[in-house]
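As annotated by Swiss-Prot, Zn(2+) 1 binding site applies to CYS47, HIS69, GLU70, CYS163. Positions annotated as NADP(+) binding site by Swiss-Prot, on the basis of similarity to another entry: THR49, THR167, 188-193, 211-216, THR251, GLY275, 298-300. Feature annotation from Swiss-Prot assigns Zn(2+) 2 binding site to CYS100, CYS103, CYS106, CYS114.
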Amino acid sequence: MGGLEVEKTTIGWAARDPSGVLSPYTYTLRNTGPEDVEVKVLYCGLCHTDLHQVKNDLGMSNYPLVPGHEVVGEVVEVGPDVSKFKVGDTVGVGLLVGSCRNCGPCKRDIEQYCNKKIWNCNDVYTDGKPTQGGFAKSMVVDQKFVVKIPEGMAPEQAAPLLCAGITVYSPLNHFGFKQSGLRGGILGLGGVGHMGVKIAKAMGHHVTVISSSNKKRQEALEHLGADDYLVSSDTDKMQEASDSLDYIIDTVPVGHPLEPYLSLLKIDGKLILMGVINTPLQFISPMVMLGRKSITGSFIGSMKETEEMLDFCKEKGVTSQIEIVKMDYINTAMERLEKNDVRYRFVVDVIGSKLDQ
């Protein structure tokens, strides 16, 4: 196990200010505690939330800030009380690295709703050290917030599942939408949206992609396996599709009207919000009243659900569509992500980027 009290440093790529530009940054890892594992990072996905974080879009960022919360790595050290993992295991780390363990949500195994949850970056751990994310050589994480990657699953493919994948799996699981034969809509075809199509199809759903243009029609239907494609500005087609969907997963990360999409839902249908939007959304109340429809939200998923989701994706052969880049390309990747110029998730080859050279 090595000396658990020896202070270690690691190298990551951090933003220093709201410009969001990342550059190399050396910092101290916290000590490996009794229930901690040290993870050598292999791959880390790039999520739209990383953009919000490094650019301080929500007014809560503290710098220097190492982003990255779709982390796949190899266990290189374990604390004496670790029972779930051993050195050499391939594991994943998502957006959370801590919670209080005592509140209602924690006792219900939905720790993502704990008021004292600890984010994997831009937060402070229980020992007072700042948390830093997966665009780095290594991390130290409590074993509760680490999951084993199923044997045979490619690590670069697993990375986006730890945020994009669980973000769509959790609401489908919680709201009772796992059974086959349902009709679902995916609003927005980015990193989360493309996983929504794949996971919903694997559950046996009829899936309609809803987008603002025809640009992604061929991709959605021929490559991702969607059953239908709606352009939201095509009023005739939108009218034809009214009252047809059991649910819509809304992944759009910018302000947009809700009423056109509420009209697509059946009675008791759910519009499930996923995008992080810092401006108010508007709708008129009869749009929900007259169909007993719901506007709700969901936030990533629990550790238990994440394990279930990984097993589900392995069993069903669900993979993510990715573009692998090295760390020295990360600022360009972020610029492209901001312009939606990626099909559909950037994954950083951290181990291949040789950060210590």
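Glycine is treated like the rest: Cβ placed from N, Cα and C.
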Using DSSP and three states only, what is CYS106 (Zn(2+) 2 binding site)?
helix
Looking at the binding-site residues THR49, CYS114, LEU189, VAL192, GLY275, ILE300, which ones sit with their CA no more than 10 Å from the CA of HIS69 (Zn(2+) 1 binding site)?
THR49
For LEU189 (NADP(+) binding site), the three-state class that DSSP assigns:
coil
Closest of the binding-site residues to CYS106 (Zn(2+) 2 binding site), Cα to Cα, picking from CYS47, CYS163, LYS215, ILE300?
ILE300
Neighbour-count leader, CB within 10 A, binding-site residues: CYS103, CYS163, ILE300:
CYS163
How many other Cβ atoms are found within 10 Å of the Cβ atom of CYS100 (Zn(2+) 2 binding site), counting all protein chains shown?
15
So which of the binding-site residues is most packed in, judged by how many other Cβ atoms lie within 10 Å of its Cβ, out of HIS69, LYS215?
HIS69
Can you give me the same-chain residues 6 or more apart in sequence from THR49 (NADP(+) binding site) with a CB-CB distance under 8 Å?
HIS69, LEU95, CYS163, VAL276
Where does GLU70 (Zn(2+) 1 binding site) sit in the DSSP three-state scheme?
strand
Those residues of the chain, 6+ apart, with a Cβ under 8 Å from that of CYS47 (Zn(2+) 1 binding site):
HIS69, GLU70, CYS163, ALA164, GLY191, ARG345
Any same-chain residues 6+ apart from SER212 (NADP(+) binding site) with CB under 8 Å of its CB? Would you list them in sequence order, or say none?
VAL231, SER232, SER233
